Amino acid sequence: FVSYQVEILDWKTKKQLCFLDKVEPNATIREIRLMFHKLYPRWYPARQSIKLDPKGKSLRDEEILQHLPVGTTATLYFKDLGPQIGWTTVFLIEYTGPLFIYFLFYFRMPFVYGLDERFTSSPHPVVNLACICHSFHYIKRLIETVFVHRFSHGTMPLRNIVKNCLYYWGFAAWLAYYINHPLYTPPSYGKKQINFAVIMFLLCEAGNFSIHVALSDLRRNGSKTRKIPYPTKNPFTWLFFFVSCPNYTYEVGTWISFTIMTQCVPVGLFTLLCFIQMTIWAKDKHCTYLREFKDYPSLRMPIIPFLL
């Protein structure tokens, strides 16, 4: 067979970092990362972004050298992604924080609202219900992180976890402060509003979990190959007929129901930000599906059926 020569340059300075000789044509990008790692131990594979073009996208681990648009002397570009952390660890840290932070406010710790005896408990049952629902949401996320999710990318930059934790932990504190505040007032329409919101909350949580299981089943054999998700016999997955990312649809529905349940402005603002962020993610994933699959269902929208 014809062996390849691979030259790896720094993506910014164009300085040659290494020259790999006699590389097999069927070598994958992952194998090239490992070769590079042997020469530069501090840049472990997860830190490496290997590209065909300095400003292009990173090549995937499974891509094969001879299938790339390169000659027998291939020039690749390296970018250091910085220290990395596993996605499972990221999610465990992000989701454990809100769970315990909320309890600080729910149990009316003295340093939060003061030492007055009036502040030690709430007369409104909805406050207890809100705590149960909020806790259930994050416990469910933790369980999914450990037992359900399969990640196409193993790591994320370590610096991002600070930003993510500020978002999740900060909002958890903000919501909890007002929902558990001694001056909190319950929803205007009383039990009817609360009961409607709880039913909606539970349905959306069940739907979100069902979608995560369906997506996980696409990679049951450990494959990282992207596939088109389709509805299963589970009715909660039938939303796949209309949207590409029903997990985000259900997630937004969960927070809308929590907003209705608590009738709290900070919760509503958090829900709005969640919707904006998840719409961005859904549009990106939808575009990726359209680009990768010519037979992708034309009826689907990114996050809201028939609209968005």
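Just so it is clear, glycine is given a Cβ too, placed from its N, Cα and C backbone atoms.
According to TrEMBL, the domain 'TECR-like N-terminal' annotation covers 5-80. In the domain 'TECR-like N-terminal' (5-80), helix, strand and coil residues by DSSP number 17 helix, 29 strand, 30 coil.
Within the chain, the transmembrane segment (85-107) has long-range Cβ neighbours (under 8 A, six or more residues past its boundaries) at 127, 131, 134-135, 138-139, 141-142, 145-146, 149, 151, 153-158, 160-161, 164-165, 168-169, 171-173, 175-177, 179-180. Look at TrEMBL and you will find 85-107 (among others) tagged as transmembrane segment.
If you look up TrEMBL, you'll see 155-308 marked as domain '3-oxo-5-alpha-steroid 4-dehydrogenase C-terminal'.
Taken from TrEMBL, the feature transmembrane segment covers 166-184 (among others).
Packing against the transmembrane segment (196-215) from elsewhere in the chain are residues 129, 133, 136-137, 140, 144, 148-150, 187, 229, 232, 234, 236-237, 239-240, 246-247, 249-251, 253-254, 256-258, 260-261: each is 6 or more residues past its ends and has a CB under 8 Å from a CB in it. The annotation transmembrane segment is assigned in TrEMBL to 196-215 (among others).
Long-range contacts of the transmembrane segment (235-250) within the same chain: residues 204-208, 210-212, 214-215, 229, 278-279, 281-282, 285-286, 289, 297, 299-306, each at least 6 residues beyond the stretch ends and with a Cβ under 8 Å from a Cβ of the stretch. Feature annotation from TrEMBL assigns transmembrane segment to 235-250 (among others).
Per TrEMBL, transmembrane segment is recorded for 256-276 (among others). Note on the transmembrane segment (256-276): residues 126, 129-130, 133-134, 137, 171, 174-175, 177-179, 184-188, 193-194, 196-198, 200-201, 204 of its chain, located 6 or more positions outside it, place their CB under 8 angstroms from a CB of the stretch.
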